[in-house]
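Enquirer: Copied straight from TrEMBL:
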- 64-84: transmembrane segment (TRANSMEM)
- 234-258: transmembrane segment (TRANSMEM)
- His257, His386, His390: Zn(2+) binding site (BINDING)
- 270-287: transmembrane segment (TRANSMEM)
- 299-317: transmembrane segment (TRANSMEM)
- 323-340: transmembrane segment (TRANSMEM)
- 352-368: transmembrane segment (TRANSMEM)
- 388-409: transmembrane segment (TRANSMEM)
Amino acid sequence: MTALSKSLLDLSRQYRRHPVSILRRKFSKDPPTNDWKVQRVVEKSVKELTRKEKDKNVQKDKETNIRVCIIGGGVTPLYIAILLKQYKIIKSIRLVDTRDSMSEALTDMSHLETSPRVIKHCSILEKIVFILIKKKCLGSIATYGGRIEKTTAAILNLERTAGLSVPLAGADPQTVVLPLLSRAVPYNQFTKAQRKTILQSFRAGDEETRTLSNVVFVLLPPVLMHLFRDYARFVNPGIHVFWFLLMVVGLTSAYFHATLSLIGQLLDELSILWVYMAGFCMFFPRRYFPNAVHNDRKLFSICATLPTLIATGLALIHPAVNAFALMSLGVPAIGFLIMELKRTTSIRVYRLGLRCGAMWVLAVICWLNDRLFCDTWLNLNFPYLHALWHLFIFIASYTAAVLFAYFAVQDEKPQQSPVLKYWPRDTFELGIPYVTIRSYMKSSYNLNI
């Protein structure tokens, strides 16, 4: 018998004799009670606890029985099982040894639970535990000694709670609490609905990052409103509507990622739809107008509002396809941008267009990887693709708006002499681009929305 096994055996014997004191000595700090009067009052109050109250507490605990299944090898599962057994709501504990020996503590850090053998164990458990046990705690335990105390203290709600060092996810919102110490297993053996819930819960760990990534949507539009003040005064005041809607997109996106609710998702997606519609109505080249609108941008905007309202209704009926439908809107926008860049004679505008297209491509790559290969990136400890998507798509969106604002003035009011500049330094092309004009002549009303 190894020294580690002897230590575990001694720990088990101590637990049988004094199950509460061993835990208290390990995790909590008792306040000093030097005053014998205080000690007597405490002892008296404990004795005054009637049998009826005890039975009530026991009955209350039985109403929330939890069965625990611990997967893994080494002494860690045994140690946690001993600590969990003193918790009243834990009805039973199942140990699944993945290495045929619970004494292989030295290999306990190797995270071998991601092997096909453990996937087989989880497949068996899915048929047994998921069907027979309504309330359970299922997960794989493969960690080192430093995490044992933190995990157990957090599970048992002890005084010294350093916090779980691993995320918690629900495979079934009403029946399962899943500590994912290994991200690959048992995720692969869950049903599609369970995998979706696990991913949503697990990805909640980086929702704070995603929420913070929306800060640029709120902070930068006011700066752009200030930079486009001449454009709004002499060309089209509707440009401020576009910047305001970008702020709305940032706020609704932050709300969605903070709550992960359906209403938040719909607000986020519908705000994106309407900011796209606003840009479409303002910047769509007049030479492509259908004959039915008689070259009138205001009439064109009214006609474009009708399909947008229909799309809004469809988004409420089938929210699952909203993300893919919105992503498809970027294709015609990039197509028109390419056509306009081919017509421009300004090398500065052309370079900005190339950077805008590159940002859009990076944003799409991040979005697709986050959407299709989320579990793979989670296994690589990189859950930040969606936050990068927020950043890249914002840069691409406002840059495209700046470019189309420039093209609109150049095509329809060339006498206004549009100029592309950068803030804070005009010579630094990685700054914030904006459009100003040289000739201050009031534009006609027909150019506005």
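Here the Cβ of each residue, glycine as well, is placed from N, Cα and C on the backbone.
Give me the local environment of each listed feature.
Expert: Every protein chain considered, the tally of other Cβ atoms within 10 Å of the Cβ of His390 (Zn(2+) binding site) stands at 26.
Listed as Cβ neighbours of the transmembrane segment (270-287) (distance under 8 Å, sequence separation of 6 or more from its ends, same chain) are residues 236, 238-239, 241-242, 245-246, 248-249, 252-253, 295, 297, 300-301, 304-305, 308, 311-312, 315, 326, 329, 333, 336, 340, 397, 400-401, 404-405, 407-408, 411-412, 449.
Among residues of the same chain six or more beyond the transmembrane segment (299-317), those with a C-beta under 8 A of the stretch's C-beta atoms are 266, 269-270, 273-274, 277, 280-281, 284, 289, 292-293, 325, 449.
Beyond the ends of the transmembrane segment (323-340), by six or more residues, the same chain brings 269, 272-273, 276, 284-285, 311, 315, 353, 356-357, 360, 364, 367, 371, 400, 403-404, 407 to within a C-beta distance below 8 angstroms of the stretch.
Tertiary neighbourhood of the transmembrane segment (388-409): same-chain residues 210, 213-214, 216-217, 220-221, 224, 228, 231, 235-236, 239, 242, 246, 250, 253, 275, 279, 282-283, 285, 333, 336-337, 340, 344, 349, 352-353, 355-357, 359-360, 362-363, 366-367, 370, 416, 418, 420, 433-435, 437, 447, selected by CB-CB distance under 8 Å and a gap of 6+ residues from either end.
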Enquirer: Counting Cβ atoms within 10 Å across all protein chains shown, which of the binding-site residues His257, His386 comes out on top?
Expert: His257
